[in-house]
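A.B. asks: Okay, so TrEMBL annotates it like this:
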DOMAIN    488-693  domain 'Metallo-beta-lactamase'
TRANSMEM  6-27  transmembrane segment
TRANSMEM  39-60  transmembrane segment
TRANSMEM  214-234  transmembrane segment
TRANSMEM  241-261  transmembrane segment
TRANSMEM  306-326  transmembrane segment
TRANSMEM  338-358  transmembrane segment
TRANSMEM  370-394  transmembrane segment
TRANSMEM  435-452  transmembrane segment
TRANSMEM  459-477  transmembrane segment
């Protein structure tokens, strides 16, 4: 039976990671040969693997068709009938809630421009469904929720809707959150996260620190939380005059309720299903934890195959699998030994997944888990679960909680601050595709095998070798230009074969229509691309002009990565913008250069020339854009920033431009740039436009696109292509490898 289950899962994995699936299939075959399993079992296991692969392949085709269908309704304002799963919460001017449509699709509702909503009780959301006018936006990745963007949330078109039992549980959840939010408990944001799985109340900077330290798994409701929940209730039931079978029945009934209360995360689903299977079949499947895990995996993925793309689901099953098959290593060992071994095992279980999603290995978790894991497992998580029970039955007792809960979270904050220096050392791994994934998987397997066999000397030699190779091995880079999709803004990266880097602009957001934006472009877009390419520092950063969509992410980016030099035109920065740049440079020890004093920059085979075509007396920062002319391997590039048609005239008067191979179109394709006469002079072969899909400015303008087409110019727009890379080949000048980079 276990071999069928493992083969089925390997078959599913084969569709996503074929090389890694082959490696696991080889290990499974070796196990069957060593244990002398009959040939018929081998054949049936192979059939199970094929069946799993076919199911997963069909699901992916269905998902692609569904995604194509959803794209037809993207950003069209429509009326949706929804049921609120959570109360709308206003966080820094952004109203968010989770809703479920009549088609049973769960969405995240977002609204930025709102009148003050009436204070409605949690019962209202549990007993009503509402008509909401908004625009649907599909999830950026499979496994994530789509968005319902609402201009102004109004709740005047709601009608009574009889609540189900799950709605009643969510009502209790919302009531608990309200009690906590209005309390004076220090650390109430963490308690809400641990009890309900909702992390949006945690301060964004502290949440980022928690992730960087590799302890975010403690806030994801999973096996630890479910085990503590069952343990607390079992101790209570044991002291009551009820039979054991009744206790088990009550636990089986309460586990689904706890799952809904905890937010129904995939990791919680896995833990609840495993616990339920153990309670139901404890006589038959004792000591078969891996089999229970495999059954849970198959049950969940057949019910919802998109879970394969869910990050928490991947981490939860990979780490749980390793902890179960290696439990003999740490079982009945001293507490500290157990902590060290479980931290190591969890670390190795996360490495391939962290590589795939983040291009970074969170080595910090090996250290931080040694003290955060006991603190949370023994103290904080039990407190969070007890607070659910107490506040549900005796809500008035919340006034007594701060005196004994707040000191615990003050200790936790102290430990977070103490651990913060660990985040300064990042272990970034460039993207090597599926080859990189399977190599990391194999290295993790051999490392864990040596731990199991207690071959600690060989393990130490392997670990030191891997560390040295990852830091000292120099793999030749590429002469490459990457236009990073930062929405309605600019960020263009140049890399050389000897790993030098030059970034033009950082992207950023301009608040409009009384809206405040809290989307972190550096964290979500810019830094992931830099890590994808293995970039740990930026040699030069050029700020073309003082507009937020070109320099708005400078502060955040300087906090995430080492910037060594900034090139800009200080003469045309107002006092506030100039002070911002000077402060950032002073804080991070960045050298500043005036573009028109520097004039040129040589990096590898690139030669950059900064051209002064500014309109001196203009009050429009676009007229002060630094225009960059670059050459590499006989190719010519012209990057216009937000330069206007007046800048174009002055540019042509100032220097004699050759025919341009690659043009970065000025001002995102606005009519203020890219004149007919300018194009007639430079005749670009390729045109690159950086703009957001369905942006409020309706850029690029159709006239500009038509104008480029008239000159037979091949045009790429980040709104359609997302992040785009262009490789320059010294042996084939003016012939480019252009590809889309999704991250």
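Cβ from N, Cα, C; glycine included.
For each feature listed, report its degree of burial, its nearest neighbours and the pertinent distances within the displayed model.
C.D. replies: Averaged across the domain 'Metallo-beta-lactamase' (488-693), the predicted model reaches a pLDDT of 93.
With a cut-off of 8 Å between Cβ atoms, the residues of this chain six or more beyond the transmembrane segment (6-27) that come close are 45-46, 48-57, 60, 294, 297-298, 301, 308, 352, 434-435, 437-438, 441-442, 445.
Listed by sequence, the residues of this chain that lie at least six past the ends of the transmembrane segment (39-60) yet keep a Cβ under 8 A from its Cβ atoms are 3-12, 14-16, 25, 28-29, 32, 302, 305, 308.
Below 8 angstroms of C-beta separation, residues 190, 193-194, 197, 199, 202, 207, 247, 250-251, 254-255, 258, 262-263, 265, 267-268, 270-272, 274-275, 312, 315-316, 319-320, 346-347, 350, 362-366, 368-369, 372-373, 376-377, 381-382, 385-386, 389 of the same chain, each at least six residues beyond the ends of the transmembrane segment (214-234), sit close to that stretch.
Within the chain carrying the transmembrane segment (306-326), a Cβ under 8 angstroms from the stretch's Cβ atoms is held by residues 12, 16, 56, 63, 141-144, 217, 220, 222-223, 265-267, 270-271, 289-290, 293, 297, 300, 341-342, 345-346, 348-350, 352-353, 357, 448, 451-452, all 6 or more beyond its ends.
Long-range neighbours of the transmembrane segment (435-452) within the same chain, counting only residues 6 or more positions beyond its ends whose Cβ lies under 8 Å from a Cβ of the stretch, are 17, 19-20, 23, 27, 322, 326, 329, 341, 344-345, 348-349, 351-352, 355-356, 429, 458-459, 462-463, 466.
Within its own chain, the transmembrane segment (459-477) is flanked in space by residues 427, 429-430, 443, 446-447, 450-451, 495-499, which lie at least six positions past its ends and keep a Cβ under 8 Å from the stretch.
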